[in-house]
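Asks: These came from Swiss-Prot, pasted as-is:
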ACT_SITE  Asp13  active site, proton acceptor
ACT_SITE  His41  active site, proton donor
BINDING   12-18, 40-42, Arg304, 330-332, 412-414  GTP binding site
BINDING   Asp13, Gly40  Mg(2+) binding site
BINDING   Asp13, Glu14, Gly15, Lys16, Asn38, Ala39, Gly40, His41, Thr128, Arg142, Gln223, Thr238, Arg302  IMP binding site
BINDING   Thr298, Thr299, Thr300, Gly301, Arg302, Gln303, Arg304  substrate binding site
Amino acid sequence: MANVVVVGAQWGDEGKGKITDLLSEKAHVVVRYQGGVNAGHTLVVGGQTFKLHLIPSGILYPDKRCIIASGTVIDPEVLLAEIDQLHQLGISTDNLFIAETAHVTLPYHRVIDIAEEERRGIYRLGTTGRGIGPTYADKAERMGIRVVDLMYPDQLRERLSWAIPYKNVLLEKIYNLPPLDPEPIIEQYLAYAERLRPYVTDAALLLTQAIEDRENILFEGAQGTLLDLDYGTYPYVTSSHPIAGGACIGAGIGPTSIDRVIGVAKAYTTRVGEGPFPTELKDEIGAYLGATGAEFGTTTGRQRRCGWFDGVIGRYAVRINGLDCLAITKLDVLDGLDEIKVCVAYEYQGREIRHFPSDARVFAQCKPIYETLPGWKCSTKDCRSIQDLPPEAHDYLKFLAQLMQVPIAIVSLGASRDQTIIVEDPIHGPKRALLYPNGGKRAHALMPD
């Protein structure tokens, strides 16, 4: 295999969990490198559905080491509930490792997150209310609690005995909320610590050893490129770095250790929460995509906003992440449509632009410029090769590859593992930079011309 990063190429919810699950078969180590319980992925294996938020998708393979790395923020209550759920389903977590340097979400983070959203009013960001932003804020302010702090009861008690009264000042003076009682929180987190203790390790050192042993490592990002703190639709973003570069910081490895980057995108576009969304459909087609695609968030249950595929943000994701290939998911959701539109550029103040604007105010005024392609009436759910697809579906995928100038290696046609077409080996196929040596072209069913 290689050391591979899987990233979302849109606003999250692209189906990264399924793709990671598929690729995990050839990996020795699977790493979640950022985010927290604000992200979720759903896996369907053998008729069983698994909904996970923190634990890497590779946990379903008992011989894969699964690491929750330093770049994540960990809610012990949710993590332990996931561990218990897996145990109830007969799945071992002996292969799970938690970075001792990851930061911990506490009750005051969740309370502040919800209170701050309410305080923002019409300027709310649409957070999940799970305390992720406040946890990362404490990390940046160097006042956070880390997993390693949980391992030392006296130190944890001392840190929380200072932190909780500090946060109570904010709760009372800024948000007009009652203060939190420190003692129950301290006792609860001491109990969490004992249950988590067997999993805690120096994850960066573990990864370094795996790299030195030439093991195959799969890095699993949460959310998506357009939610990146620096490169997303700021301020409507997450508080970490879902992009490929975030894998290095979040996991504690050097950039030369990454061999390949795979982007995951839906065959259309969705977004949860607030923020600009040029191709959003507020008509019956948008409702059809939402209903057919079961577009409800794994974490919050909120209905996702749906729209046509946006090639502008797609090209941006290719550039920002250095994508080598794409996995296109939920192609089957487009079955039955008479025509399908793809955004190829934006109109802004009477002129055409083909780049993603960094200013959210500009982005909010962008109108999509569409190319219209014919749809297909037959089902694609049972297709298992490119040749099985209706010609219109094949042409649609070819158009996306051409638009984004990156090959499509995987096509997903449903939630199950077997509802997948492997067009080209996503691990050992050509890197995008090598597709056209000496000006030549490489034949590929879904390769840009």
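Heads up, residue numbers simply count up from 1 along the chain you see.
The backbone N, Cα and C atoms fix where each Cβ goes, and this holds for glycine too.
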Asks: Let me check the 10 A CB neighbour count of Lys18 (GTP binding site). How many other CB atoms are there?
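Replies: Other Cβ atoms found within 10 Å: 27.
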Asks: Name the secondary structure element type, per DSSP in three states, that contains Gly40 (Mg(2+) binding site).
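Replies: The three-state answer is coil.
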Asks: How many Å separate the Cα atoms of Arg304 (substrate binding site) and Gly12 (GTP binding site)?
Replies: 11
Asks: Under 8 Å Cβ-Cβ from Arg302 (IMP binding site), six or more apart in the same chain: what's there?
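Replies: Val272, Gly273, Phe296 - these are the non-local Cβ neighbours of Arg302 (IMP binding site), listed in sequence order.
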Asks: Could you round the CA separation between Leu331 (GTP binding site) and Asp13 (active site, proton acceptor) to a whole angstrom and send it over?
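Replies: Spelling it out, the Cα of Leu331 (GTP binding site) and the Cα of Asp13 (active site, proton acceptor) are 14 Å apart.
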Asks: Compute the C-alpha separation of Lys18 (GTP binding site) from His41 (active site, proton donor), stating it in Å without decimals.
Replies: 8
Asks: Other Cβ atoms within 10 Å is the metric here; tell me which of the binding-site residues Gly12, Gly15, Gly301 scores highest.
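Replies: Ranked by Cβ atoms within 10 Å, first place goes to Gly12.
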Asks: Which of the recorded positions listed here (Gly12, Asp13, Gly40, Gly301, Gln303, Leu413) have a Cα atom within 10 Å of the Cα of Gln223 (IMP binding site)?
Replies: Gly12, Asp13, Gly40
Asks: Near the residue listed as 'active site, proton acceptor', meaning Cα within 10 Å, which of Gly40, His41, Thr128, Leu413 (recorded positions)?
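Replies: Cα filter at 10 Å returns Gly40, His41.
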Asks: Record lists Asp13, Glu14, Gly15, Lys16, Asn38, Ala39, Gly40, His41, Thr128, Arg142, Gln223, Thr238, Arg302 as binding IMP; longest Cα-Cα distance in Å?
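Replies: 34 Å is the greatest Cα spacing among the residues binding IMP.
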Asks: Can you tell me the CA-to-CA distance separating Gly12 (GTP binding site) and His41 (active site, proton donor), as a whole number of Å?
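Replies: So the Cα of His41 (active site, proton donor) lies 10 Å away from that of Gly12 (GTP binding site).
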